[in-house]
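Working notes, beginning with the structure itself.
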Amino acid sequence: VAHRCQKCSGVSDGSCVPKPSSALIINCAGADNDLYINQAIVFIEDAIQYRSINHRVDSKSLWLYRWYYSRTCQWILSLTITVILALAFIEEPSSLTVTSDVRYRLPAWNPPCGLTESIELLCFLVFMVDVSVKSYLIGWKEFWKNKWLMAYILTLIVSFADWIVSLSFFCKENSSMMKKTLKSINSTLPEMASVVLLLAVHLSLFTMFAMLLFARTKDNQQDKEWVMYFRNLPESLTSLLVLLTTANNPDVMIPAYSKNRAYSIFFILFTVLGNLFLMNLLTAIIYNQFRGYLLKSVQSSLFRRRLGIRAAFEVLSSLKETPASAQQCCVSVGALLQVLQKAEMDSRCKQAIMRSLKMCSCDQLSAAQFQKLFEELDKDAIKQHPPSPEYQSHFMQKMQFAFGHPYFGYLGNVVALANIISICVVLVMDADKQLSERDDFFLGAINCFFILYYLLEMLLKILAMGLRRYLSYPSNRFDGLLTVILLDSLWRPELMGLLSLWDMVRLVNMLIVFRFLRIIPNMKFMALVVTTLLDLVKNLRAFAGILLVVFYAFAITGIMLFKGAVVPLGNTSAANTTHDNGTLQCGTYEQLEYWPNNFDDFAAAVVTLWDVMVVNNWQVFLDAFSRYASPWAKIYFVAWWLISSVIWVNLFVALLLENFIHKWDRRCQRESLSDIEYQRTVELMFRDVLEEPTEEELMEKLHQHPHLQLCSLCHRIRPINETMG
C-alpha cells in the first residue's frame, strides 16, 4: 500500500507501513494531531529527566507512562521502598531498646506474628504493580534486554517465596531479611581489581618478610613481637593490614623497637610505601577512574536529552498544520507552545523558552532552532530574589539604606562572636564548679541581652528588605527561626517544669552557638566550601545511596553471622568463645567496654559498621569477633573495610575534589551578584568537555526505536522533488 505525502505530491515507496498492535507509525499523513502533541510532551519530559525514550507511544501507553512518572506515583514508590527497608529496625531482632549494650539491654519488643508480614505483602503488591507497568511500557523485546528488570522480577519471586516460608513457620524464620539485601543491591562499584591486587602484593611481601624477620627464637622473653603480632600467617597479615590504616601504630612496633631500634626501619618503610604512597595513589586512581566513569555517564545523559528533544521535533513535524511547501522538516511555533503549556518542567525554563518563541519572527522552526531553544535546560538554575519595598518617606529610605547595607550584617556577626566569647568565658570559669556553686543568672542575663538584639536585628532587616525578600535568603530564614526559638525559650516559664534552669541555659547556649553559623555566607572561601558540600547532598543523593545500600547489605549479613555472639563476661557459657585470661588486657574489646558495638539488632549493626569504617581501633573488632564467633570473621570485616573505607570514601573524595575544583574555576570567571544565586547540577559540571551528538547519531537511534517508526520522506524531499521535477 502506497502512502501519499502531504509535503510533496509524490508517492512513498512503502517505507511507512503500519505496524500492528500498540506500535505507532508516524507517517507523513499525520492523521492524529492530539497524539503527536502528547508524544512530543512525553519526549520533552524524558529529555528533561534524562530518561530513555524507548517505550510505547500509543495514546493509552502515554497516559500510563505519565501517570507512572507523576510525583504522586513516584512518591508512593519511594515511600514503599522506605517502609520495606525500615522494617529491619522493628522485626526480629528488634532495635527498639534504649541501649545496645549487651550488659544492660532489656528484652526488646517484637511485633506480633503477621504484622510485618502484612506490611511486606502490601509493599510486595506495590512492587508487582511497579514491575508490571515498567515491563508493559518498554515492551517485551526491550524487557528481555533489560537485565536489571529481570533481576527485579527474580528478587520479587524469591521475596514472595520467603514470605510464604516465614508464615509457614509462624514467623520464626529470619530469612525474610535476606530479601532486603537483594533489594538493596541495585548498584555496582567501580572495578578496582588492579588496585586491590597492588595492595595485596604489598601486604603479602611485607608479611612474609615480617614472619622471617620476627621468627620465633629460643629466648621466649625476646619473642614478644612474634607472640603478639606475628605468630602465624593470618595474625601477621592482620597486623600489617591494620598498620596500613595506622590504627595500631606505634603499638605493633614497640616490642621489636624496644629490643633494637633498627627494627623501626621495617615499620617505617612499610608505612611510607603503603600509607603515604599506595593509599594516596589509590585515591588518585579511583578519582581518575570515577571521573571517566561519571563523564561517560553524563555524556550518555546528554545524548538521551538530545534524543528526546529530537524525537519531539520529529513527531511535531508530522502535524497537519506543517506547510506542504516546506523543503525540510519543521515545527510550527503554535504547536510547540501548546506542548510547553502541558509539559511538566521547571517554570524558569518554560518561561525562558516561551519568551524566546515570542521574540522569534518566524512561524516555523527547523531542527537546529528547535534544539537550540531547549538548550535552556542546560543552563544554570538562577534564583532571583524579590525586590525591596519602595518607601516614599525620606526617613524610611535612610532606614532602609542603613539596615539593608552589608555592614549591618557584619555588625550582627560581631555581636554573635561576642556572644560566643562570653559563653566560652563563663564555661571556662564554671568548668570545675559543682552544679550548686554555679551562678546561672549572670549567663542568663547576658544571653537575654543578646537574644533581644537578635530580635531587633531581625525586625530591622524585615523593615529594610521586606518580608518576601528577607525570607528568600536561607541565612535569614536560619537566623529568624533560631531567634524565634530562643525568644520562646526565654519567655515561656512553663518549660521550666520540663527542664531545670541549668538545662535551659545549656539549651539556649547550644542554639546560640549553632546560630553563629550565620557568618558562613559572609566568608567567601568558607561559603565556597559549604556550597560544595550542599551541592553534593542535593545532586548526588543517588551516589550517596550506594553507601546506604552497602551498609544495609552488610548489616543484614552481620546479623545473620554474629547475632548473639558477644555476651557479657559473666555469661560466657552461652557463647562460642575461645578467649583466655588475656581478655582484659589493655586495648581489648572487653577492657575498652565496647559492648554496645555488636550485631544483635539492625541499629547496633549499622553503628558497629560505621565504627569499623572510620578504622580507629578497628583491630579491636577484628580480634573480638574472631574470638567470640570464628577466626573467619576477619574476612567479613576486611571486606567491609575494602568496600567502605577504601573504595567508597575515596569515591566521595573524588566527587568532592571534582565539585570543588569546578566551583573554584567558575568563581574566578563569574562576578558575584547579590540578587542572583546560581545553582548547578552534576551534569553541568562536565558541560564544557561534553561532545554534542551528531545529526546522524540521533537519527540512527530514532530509527531503532522499538515502538516508533519515523517516515524518512522528510529527509528525502529534495531528491523526490528533483526526480519529479
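Glycine too: its Cβ is placed from the backbone N, Cα and C atoms.
TrEMBL entries are annotated by machine, without manual review.
Look at TrEMBL and you will find 80-290, 406-660 tagged as domain 'Ion transport'. The transmembrane segment annotation in TrEMBL covers 72-90, 149-170, 192-214, 265-287, 407-429, 441-460, 508-530, 542-562, 635-657.
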Stretch with greatest number of CB pairs under 8 Å, the transmembrane segment (407-429) reference, 265-287, 441-460, 635-657 candidates: 441-460
Across the domain 'Ion transport' (80-290), average pLDDT on the 0 to 100 scale: 77
Positions on the same chain near the transmembrane segment (265-287), where near means CB under 8 A and six or more residues out: 190, 192, 194-195, 198-199, 202-203, 206, 209-210, 213, 240, 243-246, 249-250, 252-253, 256-257, 646-647, 650-651, 653-654, 657-658
